[in-house]
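Worksheet for the structure shown next.
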Amino acid sequence: MQRLAMDLRMLSRELSLYLEHQVRVGFFGSGVGLSLILGFSVAYACYYLSSIAKKPQLVTGGESFNRFLQDHCPVVTETYYPTVWCWESRGQTLLRPFITSKPPVQYRNELIKTADGGQISLDWFDNDNSKCYTDASTRPTILLLPGLTGTSKESYILHMIHLSEELGYRCVVFNNRGVAGENLLTPRTYCCANTEDLETVIHHVHSLHPSAPFLAAGVSMGGMLLLNYLGKIGSKTPLMAAATFSVGWNTFACSESLEKPLNWLLFNYYLTTCLQSSVNKHRHMFVKQIDMDHVMKAKSIREFDKRFTSVMFGYRTIDDYYTDASPNRRLKSVGIPVLCLNSVDDVFSPSHAIPVETAKQNPHVALVLTSYGGHIGFLEGIWPRQSTYMDRVFKQFVQAMVEHGRELSNM
């Protein structure tokens, strides 16, 4: 990224010199059009370097965690250079699923039973060819939690697994009930306020590999679920550390932002149809307790949650559910090192709802806030297919915790 900045500054100087010469000797000739284009390019490069490319804001509640990140996860203090032709929030959010590659991953599927008679689908990447951790019993394990209707097939999950493979780690993806093609055995799905299924998964994975370093990473709603779990359980978890990406901190603020006309058109309505499709596949399981016809007429995520999710999990009102689902309320109770990456231009998670002051009061929490990046975007480079800023934060942080986490033992 530093090389990119140097190249852009050099290009700006060279274009400025050329433009100065062109205007002097050929302003009235055939080079005027080229001069205007070059002039615009120089102006854009200067604007990009001065206003778009910025270092993220690092917010920590303790000096030891701050120093640890600067020493072992330096990417959180380096300038983030968003893709020069696509840095706006909505553009980054919309483009990421289409432009980033999908590394091939061979999963081993496992179905585990839950206390209510249901089942959860886990997709394992065992990494048996790991050269760094040949002993499977001590091979670091990363639990990955996808977003709202996401599964182990999402590109951001595949990238995290690819990076974990390079480090020699094992991964397991927690697919929420009913979204990964498995049968729904009980009339229950999932929500980010109810952490029972996540607790079951964490206990199960830890029981299989009790001697292995155990970390978790959650994206969007997966991050909300993870933070709500950590806020409830404090330090009494087998997880040694966690990371979240593009979390919606305040569900009311998220919903309000996504209901603005343009955001509703680009994101809200589509996600609502995805939610409806995911539950309609299991429609026969819900007809006795929920008016499914009414659910299928929902035009927004809030309407879907009011008609389906809040009813499913026994909340008296949608406001009760959204209050319980908001992880900002529980951040102060998190008891293990957690790094949270958000972009302040994320329309899914408005900047005014990011709990900066609460984070400053918890020595276990670090917020990394970029000026641009959108929702699960964080595209960088000229053609961002292979890696994103989010990927680099993930890799450096989990590696730092596995290799140097003992430095935080007294935090």
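Any Cβ shown, glycine's included, is placed from N, Cα and C.
A TrEMBL annotation is a machine prediction, not a hand-curated record.
Here TrEMBL flags 25-50 as transmembrane segment. As annotated by TrEMBL, domain 'AB hydrolase-1' applies to 140-381. Residues or ranges marked as active site, charge relay system by TrEMBL: Ser220, Asp346, His375.
On the structure: features taken from TrEMBL.
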residue: Ser220; record: active site, charge relay system; CB count, 10 Å: 25
residue: Asp346; record: active site, charge relay system; CB count, 10 Å: 28
residue: His375; record: active site, charge relay system; CB count, 10 Å: 26
Inset, instruction - Could you measure between Asp346 (active site, charge relay system) and His375 (active site, charge relay system) for me? Cα positions, answer in whole angstrom. - result: 5
Inset, instruction - Using C-alpha atoms only, work out the spacing between His375 (active site, charge relay system) and Ser220 (active site, charge relay system) and round it to an integer in Å. - result: 8
